[in-house]
Structure formats: C-alpha cells, structure tokens
Amino acid sequence: MALPTLSVVDYILLILLLLSSAIIGAVFGFIKSKKSSAKEFLLADGGMGVFPTALSIMVSFLSAITLLGTPSEVYMYGTMYLYQAISWIIASTLTALVFMPKFRELNCTSAYEYLEKRFDRSVRMCASFAFSFFMLIYMAIVLYAPALALSQSKLFIQYQIRKRQIVTILATGLNIWISVVSIGVICTFYSSVGGMKAVIWTDVLQAVVILVGLLAAIIQGFIALGGVRAAMSIASKGGRIEFNSVSLDPRVRHTVWSLLIGGSFNALSTYGFNQTQVQRYMCVRTTRGAKQALFINAFGATIIIWLSGIIGLILYAYYAECDPFTAKYVTDIDQIFPYFVMEVLSGIKGLPGIFLACVFSGSLSTISSGLNSLAAVIIEDVYKGLMGKTLTDERQGLASKIFSIVLGAVVMLLTYVVSYLGSILNAALSLFGVLSGPVMGAFFLGFFFPQANSRGGFIGFIASLLLQLWIFLGAQITKNQMKSERLPLSVANCPTLVNITTTLTTSTRSNPLIDFYSISYMWYTPIAVGTVVIVGLIVSYITGSQKPNEIDPKLLISVSDLCCCCLPKRMRDWFRCGIIENGYFEKKAENDIELPISEEFDKVRNSFCSQTFSTDTKDTFPSDIVIENVVEKGHDNPAMTMKD
C-alpha cells in the first residue's frame, strides 16, 4: 500500500502562498513606498482601511499554535474551552470603547511610552523587556509549529507498519528545517522590506487561507463520518460536548467563571496592552475606524475559534475507538489534526496542501506582526528611551528594517533551541501569560488609580512578576501530583493490539502548596493584575501618593465618566478622586515665571501684532509655507503641508 504523501498540487499551493507573501512585501517595499520613514514602516502612515486592519488584528495571535492546539484541546477536554470566543468578544469591546481611544489620544508609537509618562522610565523598561522576551520565545514556537505538522508523513509510516500492511516508501515530505528556514526567510523579507502595510495585506491573504483550510477540513470530516448528526452523536456519547461546568473551585481547569473572567483578562492583555495590537490601532485613519476594526475582529475570531472546536469534535468522532495518541501513532497530542489530514484528506489532491498552507499562514501572520512590533519597541523604548539617542524619521525607518532582519535571524536560531524542549513547549506557552499579566497590571494601575506613584508602579510590577513565576514554576515541578482532567480515550478497535504501559507511582509526600500550584492557568492574569494594583497602591501610600493636581488628566481613564455618566456632577467628581480637568494645567501656570519685557521688545511685539492682524498677510509668513485647517482623508488631526 502506497503511503499518503504530499502531491505536486500540494507543493504548488505551499509555494504559491510563500511567493504571494513575498510579492506583497516587494510591492509595498519597492513600488508603492513613497519614502523610507519610521511612520510608514511601523504605522503604515496611519492610512490603513478598516477591513484589512480588522483581519490583521484577528490573525496576529491566531497562530499555528491556535489552529493545532484548539482541536486537540477539544479532543482531550471537551468544548468548555469554546467559551473563549465570548471572552474575546468582551476583550475586544472593552478595548474598542476604553483603551484604544486613549492610546490614539496619546499618539504613542510604543504602547510602553505611556508607562514612562505616568510613572517613570524603570516601569517602562520592565514592561518593554518582558514583552520582548516572551514575544521572541512565542515567535520561535510559532515558527516550529508548521514543522510539527509536516512531520506527520513519517508518523504515518509507523501507523502502516503497526497495521502490518505492505508499504511503499515514498518521499516523506519536506524536511523540518527546510520549512522553518523557508517560513522564516520569507516572513523576514516581506516584514523588513514592506513594513506594516505589507504585514497587514499579507495578513488579509493569510486570513482567507486559514478560513478556507478550516472549512475544507470540516466539510471532508463530516463526509467521512457520515454527516453532522452522526459526528455530534459520537462526540456527545464520549462526553466531549459540555458547556455547564460552573464549579467555583479555582483549581478546575476550565469552568464558566474561569473562562469568562480569566479568559477575558487574558484576551484583554493581548488586545488592550500588547504592542503588536496597539500598533494596528494607530494604523487606522480614524478612532471610529479603529473601533469598527476591533468589532469586526471579534466576530471573525469567534468564527475561527468555533471552527477549530468543531474540528476537535470531528477528530474525536473519527478516532473514538482508536486514539492515535494512546496507541503511540503520534508522539504529541497537537499532532492529531495533521495526522487526520494525512489519513483522511490525502485522497483528494490539494486538500493536504490547503491544510498546510492554513498552518503556514497562522505562523506567517504572527511572526511578521511580532517582528514589526519588536522593531518598534527596540527603537522607541531601548534606543531612544533608555539610551537617550535621537534619530531622524528616515534614519529610524532604515534602523527599523535592519532590526527586523536581525530579529528574524534570532527567531530562527531560537527555533532550533525550541526543537529540543519537547514537552516543555506547553510550559513555554504558559510563560507567555505569566509575563503579560504584570504588564497589563501596570497599565491598570496607571489608568485607573491616580494615587499610584512611580515607586508603587515599579514594586507592584516586580512583586506580580515574582508571584507569577513562583506559581508557574511550582505548577511545573508538581504537575505529576495534580489530578488529570483529561476525558477518557479508547483503543478498543485499533487494528493491532496496543500495549499500554501503566506507570506505578510510589507514595510520595504531597507538596503542602499543591492546592496553590493547582490553580487553573486561566486565573494567572487576574492574579497578576490584582497583585500589581494592591501592592502598587500600598507602596504608593507608604511612600507618598500622587496628588490630584500633579497628574496630567490625559494619562487617566475616569471610571465615573465610563460607568456613572448619569450621576450628579458632585458624585462624579468624588469618583475621580479629586482629579479636576484643569487642575494640572493651573498648577503648571502657577509655576511659570513671567519675565520682564524691555521697552524695545515691547515696540517690536506691537509692530509684529499690527502686521499679524492686518488684512494684508502676504509678508506675515514665508512664501513657502501654507497652513491648512483641513482634515485630510478623514484623519483625526488637522494637516499641515509645505509647498515644494
């Protein structure tokens, strides 16, 4: 029996995807690029449309890990995870109405500039380094995911041998490192050459490929199982369809409360305060357009999550009586979906190629977004913020391209390291949430608590980070002592007898903190945010809290204006904790010193004023400057142009 393997059509589809991405980068880098500026490279000149930006926001963190991990999550634990779709809607809505308008008002290229304005440089640097570290690790894992998918052709050899069938050894598919290098090089090329415009438009292409790939797998899966009703019946009998876990125990992996509350915090840390997403909001022409993009993203992300969950149910229905993971046909649970594609869909030429293009697209979108955002953080926060250097706009644009190339090479090298981590991959993904929680907490402390000072922000961040690392490392060390929540799997009807090895564990002394370490990972971000806020406020009061008139009101978000707009003005002022809109500026005015003006200067000033208010203004301004009080192309701010 011949081995199912990638056909010529499958390879053509993969090559077309990579070439299309490279061509888009070349078009925006060499043809449509007007100037090599930082604003164009990092923010697409602030002129992107709503729909392409919405798709880019959607796929930036819907990576290959999501496309492979969500089906295996439902396969092993059931459909409770699909409440994440509601969490993403909540997070997108809060970001659109509360946080995104504030970032656009502050007009920051790096989101972490705000932390220096609100606290000091140390808090900004902590957040920037935390973001940079987990994005590098995350991108390396995302880059390795398609290689994981491509390795299934070799696993299929094992399956055929176990069935004791005669096999013909054919090409086993692409080498893992060929796929890693090809994705890394193409992604680095179009990200560094085309900038944010190329990243967003390739994200549009990749979003379409992802949707087509998921739909193709679902349709063929239902056909193979004899219809939707048959598949859902098997999944229901196996206990995979579940939406009613309402336990209040924080140790339960997934409940309605952990997914809606903890999941919303997790998603908000991505949508509201992650540099990758904040840059997208700055690319849209208007704040209203950015809001529309976030709402479209919420709808699209919900569809992707639910389609991935349906695939998980199809996988269980197909392998209900012979689980490939238990039977050792696959070495990792995340290989279930690619294994299914090679076994079931390989009979139709092109379908495996569509699936692999789907997984490749998930990786390309995440890595390209990460490279661009990391370049922005390194230049804005490290080079200009920490080192105090200055660059012209064009030189900063060139530096951004160079950093993108260097970072792309670093990610490919880290992927080689990640390939040796094995089961630690899941731990590395949990580390992503561990590091993003304290960053989100620092923003919460700054936006909503005017009493917090710089010491409170810094110590609160460090305390939260240490607590998260403690829980994370404790959970990794004691995970063998924790109760498994995996649903039962069967190998009753496997073609050959499967030897299941049961490891007998000796009685060991249980860790006294096992209950603490067993807290569901969904609660990590709420714990981190709460720690920053509580510790930050305590330290601020001990060291002398901020006075209301010492804070620029633009750096705060008033809860009273958001939630209590119908209350009397006196009550709203009380909720503002004494912050008066004009108090900060009145204090600045009081500190200004009026210098004496000489009679000669007074004469010159009066002469200039008489010219200014004269009806003949041709000599008032130089002839090469025209000031136009217009809103150009629907942008939020007036435009000032200069004649050539």
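Keep in mind that glycine also has a Cβ here, set from the backbone N, Cα and C atoms.
The transmembrane segment annotation in TrEMBL covers 12-31 (among others).
Counting only same-chain residues 6+ beyond the ends of the transmembrane segment (43-69), those with a CB under 8 A from a CB of the stretch are 37, 109, 141-142, 145-146, 148-149, 195-197, 199-201, 203-204, 206-207, 210, 214, 270-271, 274, 276-277, 279-280, 282-285, 289-290, 292-297, 300-301, 304-305, 308, 334-335, 337-338, 358-363, 365-366, 369, 429, 633, 635. The transmembrane segment annotation in TrEMBL covers 43-69 (among others).
Residues or ranges marked as transmembrane segment in TrEMBL: 81-101 (among others).
Taken from TrEMBL, the feature transmembrane segment applies to 122-146 (among others).
Sequence annotations record features per position, and here TrEMBL assigns transmembrane segment to 166-192 (among others).
Under the heading transmembrane segment, TrEMBL lists 204-235 (among others).
Per TrEMBL, transmembrane segment is recorded for 255-273 (among others).
What TrEMBL lists as transmembrane segment is 294-319 (among others).
Taken from TrEMBL, the feature transmembrane segment covers 398-418 (among others).
As annotated by TrEMBL, transmembrane segment applies to 424-449 (among others).
Look at TrEMBL and you will find 456-477 (among others) tagged as transmembrane segment.
Residues or ranges marked as transmembrane segment by TrEMBL: 521-544 (among others). Same-chain residues lying 6 or more positions outside the transmembrane segment (521-544) and placing a CB less than 8 Å from one of its CB atoms are 250, 253-254, 258-259, 261-263, 265-266, 269, 430, 433-434, 436-438, 440-442, 444-445, 449, 451-453, 455-457, 459-461, 463-465, 467-468, 471-472, 475.
Ranking 12-31, 81-101, 456-477 by CB pairs under 8 A with the transmembrane segment (122-146) puts 456-477 at the top.
Long-range Cβ contacts of the transmembrane segment (255-273) within its own chain (Cβ-Cβ under 8 Å, at least 6 residues beyond either end) map to 57, 61, 80-81, 83-84, 86-88, 90-92, 94-95, 98-100, 111, 243-249, 294, 433, 436-437, 439-440, 443, 520, 522-526, 529. For the transmembrane segment (81-101), the neighbouring stretch richest in Cβ pairs under 8 Å, chosen from 12-31, 204-235, 294-319, 398-418, is 294-319. Under 8 Å from some Cβ of the transmembrane segment (12-31) lie the Cβ atoms of residues 182-183, 186-187, 189-191, 193-195, 197-198, 201-202, 205-206, 209, 350, 353-354, 356-357, 360-361, 364, all in the same chain and six or more residues away from its ends. Tertiary proximity for the transmembrane segment (398-418) is limited to same-chain residues at least six positions away from its ends with a CB under 8 Å from its CB atoms, namely 36, 38, 41-42, 136-137, 139-141, 143-144, 180-181, 184-185, 187-188, 191-193, 195, 367, 370-372, 374-376, 378-379, 383, 391, 425, 428.
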